[in-house]
Amino acid sequence: MAAYLFTCSILQTLSEAGKIEIAEDKLLHYLGELPGTPNGPVQLLENICTILEGQGRATHGNVIRHVLNIVVTEQELGGLGISGKSWEEVDEHTLHEIKFLTDAWLTAAESRAAARHLPQPLKQQDTRRLPMNLAEKILAHHAFSVPRRERVVAGDLLRVSIDWVIASELSWVGMKHSVTSLDMKPSAWRNDRFWLSGDHTVDPRTYHDKRVQALIKGLESAKRDLKMTENQGSNYTIMHTEFVRERAEPGMLVLGSDSHTCSAGAVSALAIGLGAGDVMAGLATGETWFKVPECIRINFTGQPAWYIGGKDVILSVLKQLKRNTYAAERIVEFGGAGAKLLSCDARFAISNMCTVRDPNDRPELKPTADDRSTSRNLVLLQAFLFPTVSLNRLSIAAGARYEGASYASTFEIDLGEVEPFIAIYPSPDQVCPVAERTGMRFDGCFIGACTTTEEDLVLAALVLEAGLKRGLTLEKGKRIVVPGSLPIVKNLRALGLLDIYKACGYEQPAPGCSLCLGIGADVAEAGSQWLSSQNRNFQNRMGRGAVGHICSAATVAASSFNMTLTDPCDLLNDVSETTFKEYLARCKVARGGSESKLAGGKQANNVQYIEPCLLGENARSAEGEVPALEAAAVSLDDARLGSINSRIYKLDDYVDTDAIIPAPACVGSPTDEMLGSHCFELTNPDFRDYVRSGHRVIVGGRAFGCGSSREEAPRALKGLGVQCVIARSFAFIFGRNMPNIGMLAIVLTDEAFYKAAQQGENIEVDVEGRVVHVAGQTFPFSLDDMELQLIRNRGLAASYQKLGSKVFAALCQKPAPLPISALADATLAQGGSIGRQMDW
């Protein structure tokens with residue numbers, strides 16, 4: 001009976017989702033005429049494939065065969081794991097999942113066909129084309145139109161298509177809120193290009209918690225409502241880990257509601273972390289906008305020691321270039337001869353950590369621009385079904401050298417000089433050699449978070465094994481290791497390395513953010529000292545009052561015996577380089593790769609480089625009439641944009657989003673007002689009372705809002721009643737989030753302003769006059785047209801509510817000059833205007 005009912009349901013799905021009609025009696029008769037074959041759902045899908053291929057429906061046959069591939073893949077590799085099972089051995093939940101996958105992938109075929117296709121790239125460079133760096137090429141290729149045919153340059157406003165959206169269970173709450181708060185439902189322009197992973201808070205140890213259950217329910221609802229093909233569920237992978245290993249490709253443009261989205265730069269993708277509402281608009285439309293940024297180039301030279309990984313490399317970069325210097329408001333492009341010697345995992349760690357490299361939190365691009373030999377890691381579930389030809393070709397070009405391209409600055413980093421480093425709490429650029437700080441005492445050692453890659457975990461285990469062989473004893477302390485995904489767990493288990501971690505006293509929770517975020521099952525105690533291989537060492541990051549220093553996994557492993565900082569080089573002398581490389585090769589083979597794809601290996605394929613196709617301004621005419629956003633603005637009668645009259649609350653440089661709104665408060669605060677009740681509660685507990693008493697203008701310093709991409713930070717300020725933030729500079733994501741939620745942010749760099757703008761001082765912000773008055777002095781500021789339009793329309797979500805899929809077309813029109821009277825339909829209470837120049 002189960003077989004019959006399931007067969008009927010699959011036939012119905014084929015009819016409804018794929019417009020495919022297969023007679024029930026034909027399929028059942030076909031199934032019955034195959035003696036000696038297993039009688040189960042796998043065989044049913046095989047037979048459907050055969051029938052469709054016999055009917056000449058190769059595309060639909062490939063869809064079902066892809067579903068079949070997922071069905072038989074092991075669960076730890078993201079499949080259902082029912083290969084060879086009979087009807088009696090497959091439960092109802094699994095049958096329901098097979099039907100869902102069939103429906104979702106058939107829908108994906110239609111959504112892909114309806115989406116915008118990128119133009120075919122050029123096989124040869126246009127002789128009139130001027131050189132561009134990789135970021136410019138990717139943005140230009142994804143642009144609906146460019147202002148000139150020769151190239152794009154820094155400052156150009158581009159409306160672009162996107163390739164992927166990624167999110168966590170926690171950021172999905174904010175994404176969903178941005179539309180449901182306006183009585184809209186979440187939607188996706190393509191149901192096969194939304195990667196959603198439960199990793200930030202959910203944990204098997206807390207599945208019973210009501211808040212965690214709500215997050216899990218949110219994941220499942222998103223999967224069903226959007227017919228998602230790429231919903232990873234809970235604790236399968238940290239959102240960045242398997243996305244980069246399985247889905248990201250060179251040349252792609254990726255948006256994510258997490259600041260570490262830039263991890264996909266490891267494979268030469270342009271991957272950008274944004275706020276939840278920004279990403280939700282991208283998910284709904286398949287579009288977004290950027291101003292082309294400036295770019296700096298870092299060339300790697302020399303050869304690193306075999307045990308030096310990406311964490312020590314990026315700590316070396318931080319040590320030399322510091323934060324908020326050359327990379328501020330810019331993209332970073334890595335290349336040089338030394339890049340060829342860095343594995344994909346090493347590049348992942350470098351890319352992942354670049355979100356803390358510069359507190360302006362620019363989206364960091366990590367191409368390997370001179371490398372023609374290293375291919376990315378592919379696994380069984382790589383989506384072969386719908387290859388985007390132009391993207392695949394462009395991905396090859398990601399390895400090209402960009403002679404003559406424009407870079408704001410160029411630097412060289414000698415990999416031969418990289419050694420084990422440690423970043424001292426609470427700053428990621430307070431870096432020094434481990435050898436200079438040995439003996440520091442710790443209460444706990446943590447190996448994990450997305451920045452800790454598979455090869456890091458393998459090497460750390462071999463360091464532990466070397467210590468055990470020496471007879472080193474374990475002193476009292478807490479030890480935790482959290483691999484980034486179940487596929488990595490599977491590989492470590494097969495190599496016997498999980499047993500080594502266990503022998504050394506390491507707890508082994510499920511894949512997730514764990515102590516790197518400190519809001520789930522693992523929270524460091526107040527006052528405790530930790531050594532960690534995570535990516536951030538900000539104040540209160542691992543837990544309220546906890547102190548965390550960051551370094552490589554190998555350094556953590558070496559230090560975890562006596563719980564004091566130990567240079568790993570001594571134990572590394574006992575580790576065989578050959579064994580290490582053999583283990584990495586076995587991991588790669590287990591994922592469906594080959595040894596030839598390891599760093600330094602030879603690529604069998606002949607590489608053909610191509611150039612992006614640039615569409616001119618006249619390409620817009622094919623889209624039809626686009627309504628001006630000004631025309632869609634809500635009328636507020638004759639009300640004019642008034643001035644803000646308030647008192648100042650003064651803050652310092654580098655105010656991070658963890659300070660503005662602690663991560664635990666984001667979980668249980670669905671409204672702006674609830675978020676506001678937790679604003680600065682750990683670092684400035686008097687802040688809320690000051691705002692309520694009239695200090696509604698914040699004056700900050702450099703890189704205000706650095707750190708996490710959480711949109712809850714400006715929402716918390718808004719919910720508390722803050723009307724305006726003035727700073728020397730804003731972190732990219734925070735600065736973009738402010739107008740997206742309808743809030744006013746102003747950049748002022750005049751030193752005289754900051755001398756005059758003291759705590760408690762009266763201040764007037766005259767938005768119509770574009771000036772700030774304080775202490776008898778007047779300071780002008782500028783307004784960005786796009787941000788002004790967003791704020792006049794109550795933010796991006798409200799603009800999308802008015803204009804739907806045309807929202808970015810309207811935003812990216814070249815606006816006519818706006819008279820002052822055009823500002824009459826916005827009020828400061830609803831966000832006011834914006835006073836900063838958006839450089840990207």
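Every residue gets a Cβ built from N, Cα and C, even glycine.
Swiss-Prot annotates Cys513, Cys516 as [4Fe-4S] cluster-binding residues; of Cys450, Cys551, Cys569, the candidate listed for that same site is Cys450. Of the listed binding-site residues His260, Arg536, Arg541, Arg710, the Cβ environment within 10 Å is emptiest of other Cβ atoms at Arg536. Listed in sequence order, the binding-site residues from Cys450, Cys513, Cys516 having a Cα within 10 Å of the Cα of Arg541 (substrate binding site) are Cys516. Note: the Cα of Asp258 (substrate binding site) and the Cα of Cys516 ([4Fe-4S] cluster binding site) are spaced 14 Å from each other.
All protein chains shown were included, and the count of other CB atoms within 10 Å of the CB of Cys450 ([4Fe-4S] cluster binding site) stands at 28.
Every protein chain shown contributes to the tally, and the Cβ of Cys516 ([4Fe-4S] cluster binding site) ends up with 27 other Cβ atoms within 10 Å. Fewest Cβ neighbours within 10 Å among the binding-site residues Ser259, Ser709: this applies to Ser259. Compute the center of the Cβ atoms of Cys450, Cys513, Cys516, which mark the site for [4Fe-4S] cluster; besides them, the chain residues with Cβ within 8 Å of that center are Asp199, His200, Ile238, His260, Gly448, Ala449, Thr451, Val482, Gly512, Ser514, Leu517, Gln534, Asn535.
For Cys513 ([4Fe-4S] cluster binding site), the same-chain residues 6+ apart in sequence whose C-beta sits under 8 angstroms from its C-beta are Asp199, His200, Thr201, Ile238, Ala449, Cys450, Gly520. In this structure, Arg710 (substrate binding site) belongs to neither helix nor strand by DSSP; it is coil.
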